[in-house]
Amino acid sequence: MNKCAIILAAGQGTRIKSKLPKVLHKACGKEMVNHVIDAMRNAEIDDVNVIIGKGAELVKERTTSKNVSYSLQAEQLGTGHAVKCAKDFLEGKTGVVAIFTGDAPLIKAETVKNLVDTHINEKNSATLLTSVIENPTGYGRIVRNGESVEKIVEHKDCNEQEIKIQEVNAGMYCFDIESLLTSLEQLSNDNAQGEYYLTDVIEILKKDNKKVGAMITDFEETLGVNSRAELAKVESIMRNRINRTHLDNGVTIIDPLNTYIEPEVVIGKDTIIYPGNVIEGKTVIGEDCILYPNSRINNSTIGNGVEIQSSVILDSKIGDETTVGPFAYVRPESNIGEHVRIGDFVEIKKSTIGNNTKVSHLTYIGDAEVGERCNFGCGTVVVNYDGKKKHKTIIGDDSFIGCNTNLVSPVEVKDNTYIAAGSTITKEVPEGSLAIARAKQQNIEGWVERKKLK
């Protein structure tokens, strides 16, 4: 059966008090609406339409990589009106449509799939996603007749029996497309708000003797975000969910409450993560690593057995058994080999570092290719920028760079070379050479006494 989805994402969200449309606020590094789109895709629904309104162009810009279509709701006149705006998307289609809100990022793909499967298997015209909660105050109650849903009653309209019902409407649905389109034509805005409500479609379907069902899910999954406090709550639940998955997969997270891991991160078993670490984007971390406190790793690949201490690694690759930090900065497009030492206050930018090389402290390497088994003394600087352009430096295998050396790019240091401490290298250093580029030391005897500095 054909399946499609509509995501309601047109509202500004005034209570969140932001210039940014509400659905573009991020939960664990990803826009809320993109969490929902991904849930649809992972539930095997590829045909997704996003209802846009406030900040429409920005929402399109932030979701364009998701390959979705859009319908414009120029005026926000209720959820029913939002779906009416997707009429062109729905017309000509057969099968079922799932309708979800773009501000509920905790929804799981398996829940979406189960809702659609339940709808199809029970041959319903509409199937509601519902939850059972202890305190349903403020929520629309689900009134059932056996397994079938009779109606949704808003809290303020409940009678004595209905007020006791704990099953509530989550505001997420699956509809038979033909039945939905027919019902939308009958929707009225004859109410105090002058809006069209999607919940009224249920009443219309029941009057037409159509079958309406419901599927209960965990209330946490259905939480919507209307304020910064609710966003923080949702993100806390999501972080806990992510961390629990890694724990269950054999990763040690010493303090999950103080560890931030985004949803697309992959971590190998027997890796240990100390508090204060931030792991973002599509980072992949191997097995048997140790992440000591307070590092940030973004969109990077970390090999097996790597140790990282209080450092920042961005868009780079770190090889097996390498150590990084403390206080190292590995900038984008760097490729660090295996068994490498990147020590304290070392900055690597857009460079390749060969296996078994040591860059132990207070060094800057930018736009360079460094061979294997090299050693960098303290205070080495690759001078890669002339004020207009960046230039490349090449350092061969088995080279020894003495302390306080300046390598002025573009320059090449061949294999098996030594550079004396304090040198400023501006020309090629031949293989097997010792390069010395510094002023000759001169001692002036009696100078201090003559100047009466003592």
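Placed from the backbone N, Cα and C atoms, the Cβ positions cover glycine too.
Together with Asn384, Tyr385, Arg438, the acetyl-CoA site in Swiss-Prot holds one more listed residue from Ala328, Ala421, which is Ala421. Packing against the region 'Linker' (229-249) from elsewhere in the chain are residues 16, 25, 27-28, 105-106, 220, 223, 256, 259-263, 265, 267, 269: each is 6 or more residues past its ends and has a CB under 8 Å from a CB in it.
For the pair formed by His361 (active site, proton acceptor) and Ala421 (acetyl-CoA binding site), distance between Cα atoms is given as 15 Å, rounded to the nearest Å.
Under the DSSP three-state reduction, Lys22 (UDP-N-acetyl-alpha-D-glucosamine binding site) is assigned to helix. Binding residues for acetyl-CoA (Asn384, Tyr385, Ala421, Arg438) extend across at most 22 Å, taking the greatest CA-CA distance. Figure note: comparing Cβ neighbours within 10 Å for the binding-site residues Ala10, Ala421, the maximum is reached by Ala10.
When the Cα atoms are compared, Asp103 (Mg(2+) binding site) and Asn169 (UDP-N-acetyl-alpha-D-glucosamine binding site) turn out to be 16 Å apart.
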